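According to TrEMBL:
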DOMAIN    17-132  domain 'Acyl-coenzyme A oxidase N-terminal'
DOMAIN    134-236  domain 'Acyl-CoA oxidase/dehydrogenase middle'
BINDING   138, 177  FAD binding site
DOMAIN    278-439  domain 'Acyl-CoA oxidase C-alpha1'
ACT_SITE  424  active site, proton acceptor
DOMAIN    480-656  domain 'Acyl-CoA oxidase C-terminal'
C-alpha cells in the first residue's frame, strides 16, 4: 500500500540539504549513522512497543519496564553493541528505568571517587550487570543542601567497619531512581564520623539486597515512594526510600580515592586532589544539557508538524482554511523554541569538549579553571532544563486541544522531563551558585587576576560599562559582533550593579539573601550569553551541505533576537540599547520568522526521529493525523464495551430515580 505523506509539499520547500543538516545535528556522519541504525532497530522491534504505556496500571507498567530493560541488555549482548551503540539503544527505548541510574550515576561515581582496587573489585560486576546500582544521596529532609544530609557512617575500629544509620525520619534516603525495587547496591552518601568527629559527607558502596532472593538485607528498609505526576511518564522508575538501622559494612567500601580512613580509624586526605570529584559532576551536567536539546527538539518536532497539518479559519470562497503554522502568533511562539533546540544542541557539544578539557587539567593538577567550569555547568544545566520544561508545555498549547491527549505524546514527555529542573541541583539554587561566582569575579576586577573562559568578557569591564550599541537599522542586528557586545554589556552591567548593591550591606550574606532575585537575573543573563556565543562560534566552523550554514545562521539570529526581545527591559534599563534599537530588533525577528517558515518541516526532519521514538500521533512523519486519532480513541479500555462498568450499579438507578421524580 502506497504511503500517504500529507507533509510532502512542505518538504519540497526545503532550501537546504536536509541530510547534511542531519549530520550537523547528530554531531558527525558517524554519529548519525549509529543513531539512525539503532533508532530503526528499536522502532522495528515489537518488544519495545510503548503506545499503551499511558493506559497501564502502575504495577503492570513497572513490570513492563523491567522486561524492556532486561530485553535491551539481552539485545546489547547478542548484537555485541559498543558502549556508544548500547547507550543509543537505551535512549531510543525511551523509558525511564533503573538502568539509567546504574550506567549514569552508580558506575561514574565509583569510577570518579573509587580507588584502583575498588575499580577492580566492583566495576567488572557492574559492567556485566551482575550487580545493579543506584545513587543514594537525596534524603526526605535534604536535597540541594548536600552538606545538610543526616545519614551517618560511624567507624568502629574494633571490627574495622562502618555503621550506617538513619537517625531521624528526615534522614531516610528519598527519590533515588532504581532504589525502590530493583537495585542490589547503592553508592550511599553519609556523614563520616571517626572517633566522635564529623568529617562531612562521603560516599560508601553498600549492598542493599540479597543476591539470591532479592530480599532486603538485615537492618535495611526499602520501598517505592509512590506514584508520581503524569500517566506513564516517570512512573516507570522505582524511585525509592531507604533507611538504615545500624548496618555494618567493611571499611574498604568507603570510596577512598580522595580521602581515607585507616585501620586505626584515622581520617586523612589521599595524594589525589579533592577537586577531581568535580569531573563526575561536569560529566553528569553535560549529559543533562544534551538531554535538554533532545527533549525540546521532540516537542518542537511534534508541534511543528501538527501546525502544518492543522488548518483553522481564513477560508476564502470555500477554499481550504489557513495552516496554523502560517499565523504569526504561532510562529512567534514556535520558531524560537526550534532555534533553542539547535542552540542547546551546540552548547551541549561544547560542554562535551569542556568535560574532556577539564578532566585533563584536573589530572595534571591544574585547578585554575575549576570555579569557572563549575559555574558554567551549573548555570547551563539550570537554563536549558527550565527553558525545555516550559518549552514542552508551550508546544502542548501550540497543538490546541489535541495536545492534551496522551496520544499526542506531549503530556507524557512533559511529565517525564520536568524532574530535570530539580535533580542534580535545583535550578534556582544553581543560579545562585553562578551568582556567587559572578560576584567573586566582579570583586577581583582591577586586582590583576584575569577572568578566563566563559567569564573572559569581564576582563573588558571598562569598555563594556561605557559602550553603546551603534545599531542604525534592523539588518545591523544580524551582525554577530554587534549582538555579542550587547549581550556582554548587559551581563556585565547586571553583575556590576548587583556587586555594588551588595557592597552596601554590612553583612554580605544578608545582602545576598536580600538581593537573591536580582542575582538570579544576573546569572541568567550570563548563561544566555554563553549559549549565544557558542552558537555563533559553531557558525564559524566549516559546515558542509548546500544551504545548511545559512539556515543555522537564521536560527541563531532567531535565538538571540528572541532573547533580546523577551528581556528588552534588561537591555534598555542597563543602557545597552535604546528603545528604538529594541524595536528594530523585533522588526528583524519578525522578518526572520517568514524566512524560517518554508524550511520549518525540513528543520525538524533533521532531528531524524522515528515515529516510534516521537510517540505522537500529532507528530507523525506522514502527517496522517485525524484518521489515526480516531483509530486510537477506540483502543482505549473504556471503549471495550458500550455499557460502562458501574452502569447497573450507579447510573441506571440514578436514571430511574429521575424518571420517577418526573412523574410526581
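Even glycines carry a Cβ here, placed using N, Cα and C.
Unlike curated records, TrEMBL annotations are generated automatically.
For residue 138 (FAD binding site) paired with residue 424 (active site, proton acceptor), the C-alpha to C-alpha distance reads 10 Å. Recorded residues residue 424 (active site, proton acceptor) and residue 177 (FAD binding site) have their alpha carbons 12 Å apart, per Cα-Cα distance. Local packing around the recorded positions 138, 177, 424 was summarised as the count of other Cβ atoms within 10 Å of each Cβ; on this measure the leading residue is 177. Confidence across the domain 'Acyl-CoA oxidase C-alpha1' (278-439), taken as the mean pLDDT and rounded to a whole number, stands at 94.
With DSSP states grouped into helix (H, G, I), strand (E, B) and coil, the domain 'Acyl-coenzyme A oxidase N-terminal' (17-132) comes out at 90 helix, 0 strand, 26 coil.
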